[in-house]
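J.: Sharing a structure below in structure tokens format, with a few things to ask.
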Amino acid sequence: MASSADREKSLETALAQIDRQFGKGSVMRLGSDERAPVAVIPTGSVALDVALGIGGLPRGRIVEIYGPESSGKTTLTLHAIANAQRAGGIAAFIDAEHALDPEYAKKLGVDIDALLVSQPDTGEQALEIADMLVRSGSIDLVVIDSVAALVPRAEIEGEMGDSHVGLQARLMSQALRKLTGGLNQTQTTMIFINQLREKIGVFFGSPETTAGGKALKFYASVRLDIRRIETLKDGTDAVGNRTRVKVVKNKMAPPFKQAEFDILYGTGISREGSLIDFGVEHEIVRKSGAWYTYDGDQLGQGKENSRKHLLNNPEIAAEIEQKIKVKLGLVKDPNAVADAPADSAPAPVAAVAPKASARKSA
């Protein structure tokens with residue numbers, strides 16, 4: 001048997017050959033310092049960013065968002081698109097349902113002039129377009145709305161009533177095998193919006209399942225179950241929904257955490273409402289009776305007035321959000337001493353927002 005030194009030398013020779021043939025970093029040691037911090041795209045809700053454990057949706061990964069109709073799936077993805085664009089990124093929306101409302105997207109902060117949109121005729125066309133965009137190395141976020149609307153070409157060209165068992169599941173399985181490597185190389189996040197279906201004849205457990213087969217469940221690094229739990233009212237008028245999101249799968253942090261936030265009609269996720277809720281929970285915002293105060297200054301009487309105050313004073317909202325994320329370890333404290341002792345515990349990994357300059361060519 002070869003000695004330890006010979007084995008180590010053979011390994012180094014093999015690694016050098018792999019680097020020459022496939023590029024530097026094709027194989028690396030898991031504990032090496034060459035790995036970059038986890039880069040993320042914020043969701044628009046600080047509660048959901050915290051529940052995800054890394055501060056947002058991970059870059060270079062597949063994310064599935066599913067739930068009942070009108071639960072906020074598209075709203076959540078539009079907020080993610082707006083945040084990616086604000087950080088200098090480029091986003092694409094593949095509208096297989098042909099239902100994207102540009103005016104609503106604009107109200108949520110999406111730059112509709114910069115957003116790439118495709119309305120494909122078939123599922124094959126939609127996934128091929130997505131693959132080409134990812135491999136360009138220039139896209140930060142791709143959204144496909146929805147998996148259920150990715151109809152195989154054979155089904156579209158066939159007759160009504162024809163049986164096409166398993167076609168969509170095979171299409172998704174093949175596409176995901178191709179997409180996964182490209183997403184990781186280009187650090188592109190891909191969000192699949194999905195619909196719920198019911199399994200017939202299920203008496204034990206949940207009868208709910210998602211469209212498109214099982215492949216997406218395996219390939220997704222994050223799966224989010226979004227539900228509407230309450231209607232928000234101003235007097236007798238409905239003004240929005242209270243929404244709960246459960247992280248049912250998470251390869252980046254512990255799963256099964258939940259987040260609740262408000263979605264207001266016409267304006268989307270109430271970021272300021274989430275900041276007030278989390279601020280009170282973590283004693284950054286003080287609540288005394290009906291009054292909310294921050295750093296000695298009154299925000300307002302009642303949650304709605306306090307929310308409006310933060311909306312009109314975005315610098316205060318940003319300060320509260322930063323303090324929440326620092327306290328929960330999602331970002332480093334900018335005021336921390338730079339030259340900490342070498343034997344001190346390492347600081348939490350910073351959740352880095354996407355930047356156009358960070359993109360790599362495929």
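Just so you know, glycine gets a Cβ as well, placed from its N, Cα and C.
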J.: Among 77-102, 337-362, find the range that Swiss-Prot records as region 'Disordered'.
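T.: Going through 77-102, 337-362 one by one, Swiss-Prot flags 337-362 as region 'Disordered'.
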J.: Counting every protein chain present, what is the number of Cβ atoms, excluding its own, within 10 Å of the Cβ of Gly67 (ATP binding site)?
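T.: Other Cβ atoms within 10 Å of Gly67 (ATP binding site): 24.
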J.: What does DSSP call Gly72 (ATP binding site) in the simple three-state scheme?
T.: coil
J.: Within the same chain, and leaving aside Gly67, Pro68, Glu69, Ser70, Ser71, Gly72, Lys73, Thr74, name every residue whose CB is within 8 angstroms of the centroid of the CB atoms belonging to the recorded ATP site, in sequence order.
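T.: In sequence order, the nearby non-listed residues are Ile226, Arg228.
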J.: Same-chain residues six or more away whose CB lies under 8 A from the CB of Ser71 (ATP binding site)?
T.: Ile226, Arg227, Arg228, Thr243
J.: Here the binding-site residues are Pro68, Gly72; which one has the lowest number of other Cβ atoms no more than 10 Å from its Cβ?
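T.: Taking Pro68, Gly72 as the binding-site residues, the minimal 10 Å Cβ count falls on Pro68.
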